[in-house]
């Protein structure tokens, strides 16, 4: 996992530049205001702060489309170049107009980084560590703020502090970031697959995962190009196709489904769970409307909650039943068995040749099937019979799962989820046989040994579940595969198994894709949570913290140091940003354990209380020392709890909820909401401080924070530990089910 961590750390340095900018402009503004005499012109004063936000909002409007067209890495390189240029302009700045231009250019760089860094990290890291590694940008950004405040504090002790030098130093870390991007960051394999550059995607996966066999990862990424059609949720008993032939009466073919993995000669049998009403509990569908989340909670949120309740140890349940499914950037150092490499030259499958068009820049191996060649043989007698909804079983302890310290079987595509396909024949309208594929994302729910008693019936077949090895229960998302749509097969068929990934990419992005129920729901959640985050006031407090502390008399706490009030406020600001780091470290530890939603719901009330204390201390007639101390402690607590939850999690959620085809555009739209909210708060805050006072301004922030908590409780689903592709499938399924109610 060291490679994935290195990639995430290097990418996160882009947020260091944002933190650096936030701190330097907050400190330098004290001296800019004096030089240009802006004390009585709060509009211009606010414009200096917000000009970078204007640039960030402008560039974000097109950053998603550019990132989808040009790639993630070129856009990160461009962000570093913008920051270098802006630093040089601010170092020169002969007048207020050049300064405003430099701040605009800096906004271009910061906007690109903050939009694309979470997206890039989400696409490069495994599900079990995605939250932790996607919290790194917040950690690094806070570290950048601390370093910057320390630098500005040191400069403020000089006889003539230079705000130009304070701002111009930004060019140095920006140049370092540019070098690191070029040297260490590969392009996102999901973007490469979307563009049909399969060889490059395979090489990146091998580098990041540290293994040669990445067939499963490649299949998952191609399936992630689109959300499946006709998604439904079912429950099965799954076992190896060649296991237990003696025990099971295979002549009873009703309900049996043959599933194929991404490896050659690996297949399973899935059978619907039936006839177990005495052990049934309410199904996932049935519990959506009656979840213990509460009657007002969005049904989609309830669906995700029930999934996580069903699999509390997400990603930890791994079975010897699936020894050949390699996990996406597998955390474990499991031995990978040697398998046949992809056939990069031949299109022949089972002796049939299928011609293919030349697609220019597409790699030769685009014509290779992602499903095992064995999957192209239609299994006679394995007809599809879907189980009824509303069946579920209690889980307990069993001996079927085998996990030891020495060897843990790979976990499929991550988070305990697995990917397989069903291939069958059906009669077409013209009387001819037609190939039909279905995709299965399934999660093991527990061994059969957890059922009460040692004997049970599977589709009418008696099975002894008391042994150490046997079939396993599973919950499966069943849908039409993205790589095998009917239109693509007839457009340019490549054998009876799958369509070319390049053909999926050629379709491109349609704005109608944003109206798909799951995408639309995710957009509403992502845009809303970004706006609410900003309207809760964090960036306004950070930008104007030195001024707030200076007004509160923070300098009285440091009289013995014989420093000016401006320097004292900068020192307190540096201490405040330093205390962010342990808070974010706690968030990094909890975000993949307690989850995104739980962390938000726990931390928002804490920083609302801190805002309340700030409001009271500004209203009550306290002594100067007590008032200053209360301000400092309250601001520290507010920042501590904010950056533990509401700081990093909105960006994490926005980078997780969208399918690959629309992820760049949708993340950019969410980023635009972030910058618009940031811009509004930062621009109007000096005006609000002057008109409504500190108590009125903070009171408004507290009210919006309470509204944020209610919105999160009702609308925001839990996405921890799930592969990006599975999250998109569940969002689509849940949104459609809610729409049909």
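Here, residue 1 is simply the first one shown, and the rest follow in order.
Glycine is no exception: its Cβ is also placed from the backbone N, Cα and C atoms.
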The annotated transmembrane segment range in TrEMBL, which must be one of 98-121, 194-217: 98-121
Intrachain neighbours beyond the transmembrane segment (163-185), with Cβ under 8 angstroms and 6 or more residues off its ends: 6-7, 10-11, 13-14, 16-17, 20-21, 24-25, 27-28, 31-32, 35, 73, 76-77, 80-81, 83-84, 86-88, 90-93, 102, 106, 109, 120, 144, 151-152, 155
Dominant neighbour of the transmembrane segment (133-157) in 73-92, 98-121, 565-587, by Cβ pairs under 8 Å: 565-587
Stretch-level contact, the transmembrane segment (565-587) and the transmembrane segment (691-714), CB cutoff 8 A, at least 3 pairs: no
Stretch with greatest number of CB pairs under 8 Å, the transmembrane segment (98-121) reference, 599-622, 665-685, 691-714 candidates: 665-685
